[in-house]
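TrEMBL annotations:
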type    : residues                      : note
BINDING : 72, 73, 74, 78, 104, 182, 187 : ATP binding site
DOMAIN  : 69-205                        : domain 'tRNA(Ile)-lysidine/2-thiocytidine synthase N-terminal'
DOMAIN  : 290-320                       : domain 'Cytoplasmic tRNA 2-thiolation protein 1 C-terminal'
REGION  : 329-357                       : region 'Disordered'
Ligand SMILES: Nc1ncnc2c1ncn2[C@@H]1O[C@H](COP(=O)(O)OP(=O)(O)OP(=O)(O)O)[C@@H](O)[C@H]1O
């Protein structure tokens with residue numbers, strides 16, 4: 001996520017001047033750790049930060065030795081720090097992973113160009129092979145083209161749906177066993193709240209999973225599930241922002257989470273915990289996972305969301321498939337399937353982008 005991560009997260013000199021680090025008791029405390037408010041020295045901060053991520057990986061058995069792991073690398077702060085920490089931990093603890101950087105070029109002039117440069121630098125700095133896949137190559141449309149067709153309002157849906165699938169397709173080209181993303185604790189807490197607000201129980205039940213898609217072609221993991229955004233920015237920080245319509249709905253949840261965090265830093269973990277504790281009645285009917293009839297990608301509908309959106313774009317009907325629009329209305333072609341599927345769709349499909357990870 002781009003944005004307001006700087007507040008309160010910068011290295012803060014100890015107000016007491018000479019106070020010692022609560023961890024080592026030897027060096028002077030150099031910052032107040034955002035997650036715990038401990039006064040801590042830089043050296044100990046790096047150790048606990050990396051150690052917590054290692055514990056998360058180990059406790060959840062995220063990887064097996066020999067796996068090929070594609071790191072979703074956007075060039076933003078989270079995935080940049082993730083690439084660095086994961087390559088360090090892989091070396092230090094002999095995870096035995098083959099790590100790759102995987103970037104999706106959405107085709108947003110003046111935005112992705114710069115962050116791709118960051119990823120290219122990371123390829124050299126961290127010694128990790130880089131694969132770039134683009135919307136233009138995969139779908140025939142850049143985000144710039146899509147925005148021209150649909151305007152600024154609904155483009156988040158395209159970006160989210162296409163990116164999700166593009167990551168899978170890029171990872172398949174890399175023959176990856178897993179994809180890891182830089183989603184952090186704040187992102188997950190926001191998503192829990194958003195799914196509660198939308199009454200989206202299907203997504204609520206899975207948005208706190210550290211690994212998703214185990215029934216699909218390539219599972220995805222979030223090693224930063226318990227890592228605070230403010231802790232991450234103490235590592236190298238890259239200011240990024242969305243130039244096409246920030247997701248306003250998510251913005252409200254973000255502000256709310258930041259307010260809660262100011263009052264009580266644990267609030268982020270508490271929200272994740274409440275999402276984890278969420279249980280669905282066994283009698284509730286949930287969408288069944290199948291494959292898209294058009295492209296073969298996993299989908300709970302006859303056609304996956306990307307194919308529905310792409311069909312709309314190619315037919316000059318870019319709003320097809322946005323929100324709860326009845327898809328395929330009036331069309332006599334294969335998209336009739338989508339019409340049927342969309343009718344069956346519950347309120348799980350929203351107009352504010354994809355709330356899956
Ligand atoms: N264009 C992309 N190419 C590859 N991976 C991506 C891309 N965009 C997002 N991701 C992956 O999804 C995660 C969450 O993306 P999101 O857009 O929410 O950005 P973010 O939270 O700001 O993360 P980052 O700081 O890494 O950009 C990223 O950390 C990254 O792993």
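Quick reminder: no glycine exception, Cβ is built from N, Cα and C everywhere.
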Request  = Tell me the residue counts in helix, strand and coil for the domain 'Cytoplasmic tRNA 2-thiolation protein 1 C-terminal' (290-320), as DSSP assigns them.
outcome  = 10 helix, 4 strand, 17 coil
Fewest other C-beta atoms within 10 angstroms, as judged across 73, 104, which are the binding-site residues = 104
Message = As a test of reading the model: what is the averaged pLDDT for the domain 'tRNA(Ile)-lysidine/2-thiocytidine synthase N-terminal' (69-205)?
response = 92
Task = Express in Å, rounded to the nearest integer, the largest CA to CA distance found among the ATP-binding residues 72, 73, 74, 78, 104, 182, 187 named in the record.
result = 20
